[in-house]
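Per TrEMBL, the features are as follows:
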- 26-45: transmembrane segment (TRANSMEM)
- 51-70: transmembrane segment (TRANSMEM)
- 82-102: transmembrane segment (TRANSMEM)
- 108-127: transmembrane segment (TRANSMEM)
- 139-159: transmembrane segment (TRANSMEM)
- 221-243: transmembrane segment (TRANSMEM)
Amino acid sequence: MTTAELTGARPADEAPRATVGSLARFVGTAAGVSLLALVAVSLLLGLGPMAVAATAMIAGLGFGLAGALLRVHHRHERMGLANVVTSVRLGIVAVLVGLLVAGNPTPVVVIAVAVVALGLDGVDGLLARRQQLSSRFGAGFDMEVDSLFALVLAALAALGPAGPIALALGLPRYLFGAAAVPLPWLSGELPERYSRKVVCVIQLIALIVLQLPWLPAPLAVSIAVAAVAVVAWSFIVDIVHLARQRA
């Protein structure tokens, strides 16, 4: 996940329109991943009906919106392994939502699930480039899954020693998107910047570390504040760039 992705920068497509084949494959993948997520929540983790319903809702809404985007912004016959990986990550995030709704989630379980999702982050982009299946849909799908992942981790971290300050690590994408409504110039194109990737890794690692229940509260708050400052710096750099472009 990059700050450029968080701020909405996406590669352009030459002829954005999904084929019937790629759409059908996506529907099949979405159904399979959703089923696995529900099995994980209900059988493996033994969570209650509210958690199962929350997992189903997130998976359903996420894949429904993604399918609508794929239909318009994916020009390839093949869906691509990259989008399969992103779909799996969405399923993992849906499981995290189930853990959040269930209440008092076991930190070890949350950390294990989150580490798997983090490990898959970046794999999708690499696969898309190797298979030459990059698309506006893939970039958008990846961005939204990353944003939801950070938000859910932040909500879980807020239950721990860091407290509400952890929520500030999950809101940047949504606050930036809201600001772009009255200020459309914030939706401009951004150049690649390696530091964005570093910042996003710091953000997600900090959110995972904050799941540790034995962290002293002052240390947890310090980690959260430091990570928020780094993320804010990265966004400020991009905002300044966009403001100069506008001028």
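Each Cβ is built from the backbone N, Cα and C atoms, and glycine gets one as well.
Of the Cβ pairs linking the transmembrane segment (82-102) with the transmembrane segment (221-243) and spaced 6 or more residues apart, fewer than 3 are under 8 Å, so the two regions do not touch. Between the transmembrane segment (108-127) and the stretches 51-70, 139-159, 221-243, Cβ pairs under 8 Å are most numerous for 139-159.
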